[in-house]
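Copied from TrEMBL, the annotated features are:
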TRANSMEM  17-36  transmembrane segment
TRANSMEM  43-69  transmembrane segment
TRANSMEM  81-99  transmembrane segment
TRANSMEM  111-130  transmembrane segment
TRANSMEM  150-168  transmembrane segment
TRANSMEM  189-214  transmembrane segment
TRANSMEM  226-249  transmembrane segment
Amino acid sequence: DSLDFEWSYWIEWGREHILWLLIGHLVVSQISRLFLEKYKPWCLMVYGMVACWFLLGIKGLAVILLHAITSFAVAQFKMPILTWMCSLTLLSTLHIPAVEEAKRKWYDTENEYYLLLFTLSVRCLFYTSFSLEYCWHGSTQKSSHSFLWMLAYVFYYPVFHYGPLMNFDEFSKQMRRQEAFSLKTNLGILIMGVIRIFLWWLLAELMIHFMYIHAIYSSSPPLEAVSYWALGGLALAQVQFFYVKYLVLYGVPGLLLRMDGLKPPALPCCVSRMHSFTKMWRS
């Protein structure tokens, strides 16, 4: 069942490029923690920019930089309402037909264009977070709210294309914190994390291959023919797959965050324990 676009899209990109770039980030991170702890944020920033250039090209990198510079410039007024207006305006440019056509011409395939689109959407959350923190604390914490720190935050690669969101305040505090580093401990975290993610991924693949949840939902005759109990079962299967999918898609960057000495956002709660979707979207 290949009708879950999100899963198929990111698994394909992961196999081809993103997984290898994440491994590269892990290597750079561990080397910088061993020998260049003081310069770790800048090493990871440079790596993120190089990875962005590799996947999205120089024009894609330039667009992300332009958005970040614009947001930073507007943040100088220290008015949150202007930051929100700027972010919404930048986000709305993704839907201008002429701009869409121009960006499509930069790439050979639709998938490459979509990668730029998704990355810009997620980056909007990050430069909005930085700009709001700058509006609230910029005058008292200038050193930690510089443009260089904004770039380190925006181009932090594990969460670059897809998330999850980590607020700038949390990111900068944890990135500045220098802790005792043990390669052996980190290796244990990596091995256990990889095993868990592999099991989640295997479960998701089994659901995709044997349950055909999305294929059934794409055709109305089966849905009209079955009972309400069966429809309820299909709905439960749909949200269970949604949950397992995000365990993988957020579990991979979460593992890399831990390897970098950061505390990742909590993974999604199990949908079987929820009585309301409100909590699910918030977390």
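Note that Cβ sites are derived from N, Cα and C of the backbone, with glycine treated the same way.
Proximity of distant same-chain residues to the transmembrane segment (189-214), defined by a Cβ-Cβ separation under 8 Å and at least 6 residues beyond the stretch ends, is recorded for 1-4, 7, 26, 234, 237-238, 240-241, 244-245, 247-248, 251-252, 255, 258-259. Same-chain residues lying 6 or more positions outside the transmembrane segment (111-130) and placing a CB less than 8 Å from one of its CB atoms are 9, 12-13, 52, 55-56, 60, 63-64, 67-68, 71-72, 75, 83-84, 87, 90-91, 94, 103-104, 145, 149-150, 153-154, 159-163, 165, 167-168. Away from its own ends, the transmembrane segment (43-69) comes close to residues 17-18, 21, 24-25, 28-29, 32, 36, 90, 103, 106-107, 112, 115-116, 119-120, 123-124, 127, 147-148, 150-152, 154-157, 160, 260 of its chain (Cβ-Cβ under 8 Å, at least six residues beyond either end).
Long-range contacts of the transmembrane segment (150-168) within the same chain: residues 10, 13, 18, 21-22, 25, 41-42, 44-45, 47-49, 51-52, 64, 68, 72, 115, 118-119, 122-123, 125-127, 129-130, 133, 175, 249-250, 252-254, 256-257, 260, 262, 264-265, each at least 6 residues beyond the stretch ends and with a Cβ under 8 Å from a Cβ of the stretch. Long-range Cβ contacts of the transmembrane segment (226-249) within its own chain (Cβ-Cβ under 8 Å, at least 6 residues beyond either end) map to 4, 6-7, 10, 162, 197, 200-201, 203-204, 207-208, 211, 213-214, 216-217, 267-268, 270-272.
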